[in-house]
Amino acid sequence: MAYPPAARSSPPRQPSVKVILASADVQRVVDRIAHQILEKTQGAANTVLLGIPTRGTPLARRLADRISTFEDVVVPVGVLDITLYRDDLRRHATRAVGPTELPSGGIDGKRVILVDDVLFSGRTVRAALDALNDVGRPASVQLAVLVDRGHRELPIRADYVGKNIPTSLAESVKVTLAETDGVDEVKLYGGANS
Amino acid sequence: MIKHLLSGGDLDADTATEILDTAAEMATVAGREIKKLPALRGRTVVNLFYEDSTRTRISFEAAAKRLSADVINFSAKGSSVTKGESLKDTALTLQAMGADAVVVRHPASGAPHRLANWVDGSVVNAGDGTHEHPTQALLDAYTMRARLGRLAGLSVAVVGDVLHSRVARSNVLLLSTLGAKVTLVGPPTLIPVDIAGALAPGTDVSYDLDSVLPNVDVVMMLRVQRERMNDSYFPSAREYARRYGLDGPRMRRLPEHAIVMHPGPMNRGMEITPEVADSPRSTIVEQVTNGVSVRMAVLYLLLGGNNR
């Protein structure tokens, strides 16, 4: 935790935890993004949802599920593993490679919507764009995220944002989902004066 | 993750399984239009080959290139080795050129182990003398798992010149780690005394191929090296082929699901007949394909992260 040196003299504060989205909120947000996708893509024809592991994968499945509930269209869902395209591979111990599963129809000529949980520096999305480039040639690429916490380091923006959370760099945002963690929640940890 | 891959015994079950799982992901790249991943961009892999090899060298080269590494091929022929340069001096030269990994094949058993002490980068043993060939064992394990769905509990017969076979040694070590049971089969002159106990307890030895065949899931034929045929290990090539060669009638004695493997290059008519080599049970071509994926996985896991 990067406290400024002056703060070290006083006893360290308990790191604060704030629930930004509770379970029901997460579901509402997913519903809204599904509606927005339908609206912006005029019915989600010729569209593919690709989740970025770990939590983008269940989010993409949920969005497809909601879209089919609202409008009775089936949007193919896939998984795009970006491990081998990361720009920080060499700064960490070797990362395990996960599966990339493209829908049977492929992605060539489709509108691909990348789905991730948190948009932060933008580096994950950059890696995903590179990975996408190697597996096919989509007609266009859009980005849907559950949370945008700011602090971009690359010129990347999301087309669909569940919730904008203004944060400081000392804070961290943690998304948990029922499929991967047992409960739907978005929490904000730490921070100087919260 | 380990730094070098020198022996099939270097890997514990978790690491070996991680390599096989990673290889399964790497295999999907081979089916794509763009068979390239950026994971090892800017890394240099040197193929240091003191012995002739076609498939292993090309396989490593393809693997490194698919991961975007720079590949330098070094073969002893036409190099300073013919002028008398020692392995150590060659290693230091490669080191000075900034090799991140050295893939080495050498006629002397243990050469890669020595090399590992001299260079900073990772060393991958691509076959040393009559000792080990761990990536071959990994691709064999990968092929078995892909065909039969599992490794634990499999019964594997390794047939032929076990004495001189680095493939056999690495396979015994790796397969027993992964829970398969290996039976070494061959003429008594070509199976070292107590090799089973020395390598991996639980390994069996048999001198009678016909009695082993009905009970195995995998039969792996080893190449009989031509130079051995004149060394009095067995009376004649023909007698060897009769007793230890895999032909059509013998193949039909295998269980329905059993597969036939061979690390290549084959001596058709000696240890394996064309009927067997070209049958649907044979995985010989798959083994070559899988070799690239497995070597990609090994290079990625050794070089991909900051494991120094």
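Just so it is clear, glycine is given a Cβ too, placed from its N, Cα and C backbone atoms.
From a predicted model like this one, the values you see are computed outputs, not experimental measurements.
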Requested in this report: According to TrEMBL, B:Arg55, B:Thr56, B:His133, B:Gln136, B:Gly264, B:Pro265 bind carbamoyl phosphate; identify which of B:Arg105, B:Arg228, B:Arg238 is listed for that same site.
Outcome: B:Arg105
Requested in this report: For B:Arg105 (carbamoyl phosphate binding site), just give me the three-state DSSP call.
Outcome: strand
Requested in this report: Measure the Cβ-based neighbour count of B:Arg55 (carbamoyl phosphate binding site), defined as the other Cβ atoms within 10 Å of its Cβ.
Outcome: 15
**Report entry** binding-site residues near B:Pro265 (carbamoyl phosphate binding site) (Cα-Cα within 10 Å), from B:Lys83, B:Arg166, B:Arg223
**Finding:** B:Arg223
Report summary line: The largest Cα to Cα distance in Å among the residues B:Arg55, B:Thr56, B:Arg105, B:His133, B:Gln136, B:Gly264, B:Pro265, listed in the record as binding carbamoyl phosphate, is 16
Query raised in the report: Of all the binding-site residues given, namely B:Lys83, B:Arg166, B:Arg223, which is spatially nearest to B:Arg105 (carbamoyl phosphate binding site) at the Cα level?
Result: B:Arg166
Query - Around the Cβ of B:Arg166 (L-aspartate binding site), the count of other Cβ atoms that are within 10 Å - result: 23
Query raised in the report: About how far apart, in whole Å, are the alpha carbons (Cα) of B:Arg166 (L-aspartate binding site) and B:Arg55 (carbamoyl phosphate binding site)?
Result: 15
Query raised in the report: Just going by other Cβ atoms within 10 Å, which of the binding-site residues B:Thr56, B:Gln136 has the emptiest spot?
Result: B:Thr56
